[in-house]
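Taken from Swiss-Prot, the feature active site, proton donor applies to GLU204. Per Swiss-Prot, the feature active site, proton acceptor maps to LYS336; the stated evidence is sequence analysis. Annotation comment: Swiss-Prot describes SER41, ASP241, GLU284, ASP311 as Mg(2+) 1 binding site. The Mg(2+) 2 binding site feature in Swiss-Prot is assigned to SER41, ASP241, GLU284, ASP311. Here Swiss-Prot flags GLU163, ARG365, SER366, LYS387 as (2R)-2-phosphoglycerate binding site, drawing on a large-scale study or a structure entry.
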Amino acid sequence: MHIHKIQAREILDSRGNPTIEADVTLTTGIIGRASVPSGASTGSREACELRDNDPKRYAGKGVQKAVKHVNNEINQALQGLSVEDQENLDRILCQLDNTENKSHLGANAILATSLACARARALSLNQPLYMTLNQGDMMTMPVPMMNILNGGAHADNNVDIQEFMIMPIGAPDFPVALQMGTEIFHVLKSVLKKQGLNTAVGDEGGFAPNIQSNRQALDLLSEAIEKAGFRLGEDIVFALDVAASELFNEGFYHMYSENQKFDSHQLIEYYANLISSYPIVSIEDGLDEKDWSGWKQLTTHLGNKVQLVGDDLFVTNPKILREGIAQGIANAILIKVNQIGTLSETRQAIKLAYDNGYRCVMSHRSGETEDTFIADLAVASGCGQIKTGSLCRTDRTAKYNQLLRINELASLPYAGKNILKR
C-alpha cells in the first residue's frame, strides 16, 4: 500500500469555479481520488485556499498553483510512503507547507492529497471508506439538516438568516428521513408558488424567495411540513445557520429585511423569542466569530435549550476549539474538512469535541463537488448529524445517495431523537 504517484488537476465546483482534484496511485495500480469544496461564508481563521489571482483566467480564481504544488513538492515528498499511516502522511504535508494556515502549498492542495490517500487505503483493503475511517467510535446514520430555504451569502435574495433547515428526527431510519425531507421540499415548492414567491434555488439547492422576515420563512416551512402530513416538533424540527459574521457591522447585527439592528444581548433575546415560538433545536454561528463575550452570554442563556454550533467561530481547528471549551463557548462544532486542511487534524477536532461533551455536525460547503467523502466520515465518526444541503442539485444529493448505500451495507442505528439528549 505504498504511493507510486500523486497527480492533481483543476476541475469545476458546483458554482462553476475552479477547484482541485487529486489522484493518489499506489504501486498496486489502485487509485484514490478526492476533490475539495469551497465556501462562500468563510471564517477569517480558516486554512488558506490557494488561488492563482490571475485575472486572465477564471477571474483570478484558478487553482493551477495548488495543482503544481501537488504534482511537484507533494508528489516527491510522499512517493514510496505507505497510505496505512494517515497521521504520518498528514504530518509530512504540514511540515512541507510549514505555515500556520497552510498558505504555502494551499490547504486545498494538502486536503485533496490527504483525502485521496485515505480513499486509496480503503480501496487497497477492499473495504468501504466509512469502515476504514472508523477509529472505534460508535457508528450511526446521521440526521440530515436539510437546507430547504436559503438566504444570506448562499442566495441572491433579501433573507438575512443564511439557512433554514429541517431535521427529520422522528424517522425510524435514514431512508425514511430522506423521504420525509424530500416530500416536504416538494410541498414547500407548491406553497411558495401559491403565494407567488420565487421557486429558484440557491447555492445549496434550497429555495431562495424574497420574503418579509425570518419568521415568515419559518411559517412557510411549518405550513409545508403540515401539508406534507408530518408533525412539527415531533417528526420534524428546525435548525438555523445565522452566519452572524455576515450580519455584523460596526458593533451591531443588522437584520436588513426586517429593518432592525441588535447588539449581542438583543440578538440573544431575538433568538429566545424564536425558540419559544418554533421547535428550533440548533443555531449555528448565532454571533460574530470575534464576539466571544457575546458567545459566552449566548451559551449561558440558551446553551441548555438548544445546540449552539460554532462554524466560523471554531473553523474545525483543534487549537481554537480548545480555547472555546476553556471559556465555555458554544456546545457543538461544525466539521468542515477544508477549514483545517487534513483528515488527521479534522479527526483531532472531532475527538477533542467528544472528550469535552461537545457535539459535532459534519458539513459540506456551498461550493461543492460530486465527492462524497463527508458522508462516509459522518458515519465513521458517529457524529449523528450532517449538513449537506437541500434535496436537489447533484452536488448535494450525491452525499445523500452515498448515505443510502452505506445504510444498505451496514445495520447501523439512525441517530434520530438521540441528538436532542443532553
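Including glycine, each Cβ sits where the backbone N, Cα and C put it.
The shown structure was predicted, so the numbers you read here are calculated from the model rather than taken from an experiment.
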* Under a criterion of Cβ-Cβ distance under 8 Å and sequence separation of at least 6, what residues of the same chain contact LYS387 ((2R)-2-phosphoglycerate binding site)? -> PRO144, MET145, ASN147, GLU163, MET165, ASP241, LEU334, VAL361, MET362, SER363, HIS364
* Asked: Ranking the recorded positions LYS336, ARG365 by other Cβ atoms within 10 Å, which is at the bottom?
  -> LYS336
* Structure fact -> Cβ atoms other than its own within 10 Å of the Cβ of GLU204 (active site, proton donor), all chains, total 31
* Structure fact -> Rounded Cα distance in angstrom between GLU284 (Mg(2+) 1 binding site) and the residue listed as 'active site, proton acceptor' is 13
* To do: Starting from the Cα of ASP311 (Mg(2+) 1 binding site), work out which of the recorded positions (GLU204, LYS336, ARG365) are within 10 Å.
  => LYS336
* Asked: Going by C-alpha distance, which of the recorded positions LYS336, ARG365, SER366 is nearest to GLU204 (active site, proton donor)?
  -> SER366
* **Integer Å distance between the CA atoms belonging to SER366 ((2R)-2-phosphoglycerate binding site) and the residue listed as 'active site, proton acceptor'** => 11
* To do: Going by DSSP, give the three-state secondary structure for SER366 ((2R)-2-phosphoglycerate binding site).
  => coil
